[in-house]
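Feature annotations, reproduced from Swiss-Prot:
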- Lys292: active site (ACT_SITE)
- Arg366: active site (ACT_SITE)
- Leu200, Met201, Arg301: Zn(2+) 3 binding site (BINDING)
- Lys280, Asp285, Asp303, Glu364: Zn(2+) 2 binding site (BINDING)
- Lys280, Asp285, Ser290, Lys292, Asp303, Asp362: substrate binding site (BINDING)
- Asp285, Asp362, Glu364: Zn(2+) 1 binding site (BINDING)
- Asp285, Asp362, Glu364: Mg(2+) binding site (BINDING)
Amino acid sequence: MLPFRTLLKWSVNRNCCRGFAVSQQNYNSVKKGLVLGVYEKEKEEESLTLTNAGDAVDNAVLGKLRDQLARSGPSLKKGKSRIFYGLHEDFPSIVVVGLGKKSAGVNQHELWNEAKENIRAAVSVGCRQMQDMEIVQVEVDPCGDAQAAAEGAVLGLFEYNEMKKKKKKAVTTHLHGSSEITAWEKGVLYAEGQNLARHLMEAPANYITPTKFAETFEQRLANMGSNVKVFTRSKQWIEEQQMGAFLSVAKGSEEPPVFLEIHYSGSSDASQPPLVFVGKGVTFDSGGISLKPSSGMDAMRGDMGGAATVCSAITTAAKLKLPINIISLAPLCENMPNGRANKPGDVVKAKNGKTIQVDNTDAEGRLLLADALCYAHSFNPRAIVNAATLTGAMDVALGSAAAGVFTNSSWLWTHLQEASVVTGDRVWRMPLFEHYSKQVTESALADLNNIGKYSRSGGACTAAAFLKEFVTAPHWAHLDIAGVMSNKDEVPYLRKGMSGRPTRTLIEFAARLSEDKQTI
């Protein structure tokens, strides 16, 4: 993948519902905090509007919460917070966070549910404030949507600090004042899935090699039950599958390639065609012989973001027990410039027999995906969805606002787009015109060229057109997630660093597909 951004950090925080992680005796003995929501006034003359949980707390303290909010300054704006001490005997510290307007909902211009996004952002602010005060047990107001509140808490507290001696205290979050435990737990699982992807992407490349990546999922899925199977395919298996494009990239590194295959059989109908996820898994991308600039190259430890998101998504689907069959495929290797590495102008053969002229060794992700997509067809899939940090051109086109989606199926696009509205992790449809296919199928030496004859124009589109040459399935989507790989401050409930996007959208997409009984 061509270079585009730099990044940073993470840490694992255990998040659950009250009573699930600690005994009641221990829970009562630790310092506790409470995060409550308040809505922004639609009109200045309106009275303060608290959430249901906020109202209950205010009643318990005889109106002191409303009184303190009124005395402390103007109405709280969206994403802003105030902290109050000594109001409630059970909670020495209470953080009140602004939820924006109560009338917020699906914003057709922004293509997300604004109310859910406001809750995620507000809760993350409150939980981080509690962490800064070293309050390790925090109860969270569901704010009208317990799933969104859980996502805000779990995503907002995540920070990669495994390599640091000094760490922030881990915070455990609990649902407060509501019976919406099922929705809360669902939100925790969605967010933990994204955090797993963030962790893998953020970890140094010498810690997350192709082998270590596969071992991570072997360990996490070992006790998930007989309907979850993990296959770690060796270099010999890859050779037997005649995945010449994938192997051509892997041969530049001393680290052996791995093809990770995860099967989740959630449907009661064993014959149900599976949804197949495919993720690019370049655990470090130096660019190969077409070497990247040294500045920012460390960020290329996250170039396996596609593999991290699809494998985390299937792991979460299994935890949620979604009634759907899913297979996740992840070709894993490094792209390095040793004496055996691909050279510009080399020709390699993919699994389907097509030859590829490799004019730029830094356009390596599409070579891995070409063979993996061919293999995906062997499962008679209901749909194929691949994710990859594929092109810097995608970052230039959309930035971090949305992942680009190239698809041959309007049915598939509708499901992906609807899922993204719910999660707030947006997608945007991009073109698969024949115009771009012509650019990759005109090659001097082979059937295909890996960068196209106009290498600087429409890079994300020509990369998608290249992948299309390895797809015969009627329902396929390619998600170019290069622009959303990392977060500076664009997503308020994610700290700076690798984002793990769009894991939650993939999970929500799978959940929605499991409910769609349409025969296709």
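Placed from the backbone N, Cα and C atoms, the Cβ positions cover glycine too.
Taking the Cβ of Asp303 (Zn(2+) 2 binding site) as centre and 10 Å as the limit, one finds 29 other Cβ atoms among all the protein chains shown. Apart from the site residues Leu200, Met201, Arg301, the chain places the Cβ of Ala197, Arg198, His199, Glu202, Ala203, Ala205, Ile208, Thr283, Gly302, Met304, Gly305, Ala308, Met498 no farther than 8 Å from the centroid of the site's Cβ atoms, the recorded Zn(2+) 3 location. Every protein chain considered, the tally of other Cβ atoms within 10 Å of the Cβ of Asp285 (Zn(2+) 2 binding site) stands at 28. Sequence-distant contacts of Ser290 (substrate binding site), defined by Cβ-Cβ distance under 8 angstroms and a gap of at least six in the same chain, are Pro344, Asn360, Thr361, Asp362. Taking Cβ-Cβ distances under 8 Å and a sequence gap of 6 or more within the same chain, the neighbours of Arg366 (active site) are Ala388, Leu390, Asn450, Ala463, Phe466, Leu467. The number of other CB atoms found within 10 A of the CB of Lys292 (active site), across every protein chain shown, is 18. Between the alpha carbons (Cα) of Asp285 (Zn(2+) 2 binding site) and Arg301 (Zn(2+) 3 binding site) lies a span of roughly 7 Å. Other C-beta atoms found within 10 angstroms of the C-beta of Leu200 (Zn(2+) 3 binding site) number 28, with every protein chain shown included. Looking only at the binding-site residues Asp362, Glu364, the densest Cβ neighbourhood within 10 Å occurs at Glu364.
Note: the CA-CA distance between Lys292 (active site) and Met201 (Zn(2+) 3 binding site) rounds to 19 Å. Among the binding-site residues Leu200, Met201, Arg301, the residue whose Cα lies closest in space to that of Glu364 (Zn(2+) 2 binding site) is Arg301. Taking Cβ-Cβ distances under 8 Å and a sequence separation of 6 or more, the neighbours of Lys280 (Zn(2+) 2 binding site) in its chain are Asp303, Met304, Gly305, Gly306, Ala307, Pro331, Gly365, Leu368, Leu369, Asn386, Ala387, Ala388, Thr389, Leu390. Summary for the binding-site residues Met201, Arg301: the Cβ-based neighbour count within 10 Å is maximal at Met201.
Asp285 (Zn(2+) 2 binding site) falls within a strand when secondary structure is assigned with DSSP.
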